[in-house]
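What follows is a short report on a single structure.
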Amino acid sequence: MPYSLEEQTYFMQEALKEAEKSLQKAEIPIGCVIVKDGEIIGRGHNAREESNQAIMHAEMMAINEANAHEGNWRLLDTTLFVTIEPCVMCSGAIGLARIPHVIYGASNQKFGGADSLYQILTDERLNHRVQVERGLLAADCANIMQTFFRQGRERKKIAKHLIKEQSDPFD
């Protein structure tokens, strides 16, 4: 189902809310929602650190929730909104779930599986191809990632300072 720009913006803002949940837990802030007939049927945010599971990406969580909602592994007639371009693993899962449409915010130059590094979602050698749109609220989506990495650098500085204070009592 095609959505208007206003509707797409709303759903990406919902994905950004999911990304914010990850940011609050010091996780890489990626958020995702899956929409069918104008209703969000799956939500997810990155939770690898919290769960100690490498596959707990936003897209994987949203796919699992949408599968449960639909009672089916096939997520036909859905659109996946994600703040950052899906990685290779998530791109594979999107194809396997038969999600026909993906809209993402910012590119993923290091791990992108939709456009930047690999084109898994549109590869003609695969039996399921996905319509991909990019750049929706890209600045907002990139901004939350920059905030995460800036906070990480600040946490490292504080930790380094605390370690120095503890190890050198004569400072």
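Just so you know, glycine gets a Cβ as well, placed from its N, Cα and C.
The domain 'CMP/dCMP-type deaminase' feature in Swiss-Prot is assigned to 6-133; the stated evidence is sequence analysis. Taking the domain 'CMP/dCMP-type deaminase' (6-133) as a whole, pLDDT averages 98 in the prediction.
Residues or ranges marked as Zn(2+) binding site by Swiss-Prot: His57, Cys87, Cys90. Under 8 Å, Cβ to Cβ, and six or more positions away along its own chain, Cys87 (Zn(2+) binding site) finds His57, Asn108, Phe111, Gly112, Gly113. The secondary structure of Cys87 (Zn(2+) binding site), as reduced to three states from DSSP, is extended strand.
In the structure as shown, the Cβ atom of Glu59 (active site, proton donor) sits within 10 Å of 29 other Cβ atoms. Glu59 (active site, proton donor) carries a helical DSSP state (H, G or I). The active site, proton donor annotation in Swiss-Prot covers Glu59, and the record cites sequence analysis as its basis.
If you take the Cα of Glu59 (active site, proton donor) and the Cα of Cys90 (Zn(2+) binding site), they are about 6 angstrom apart, rounded to a whole number. Each residue in the domain 'CMP/dCMP-type deaminase' (6-133) gets a DSSP state, and the totals come to 48 helix, 30 strand, 50 coil.
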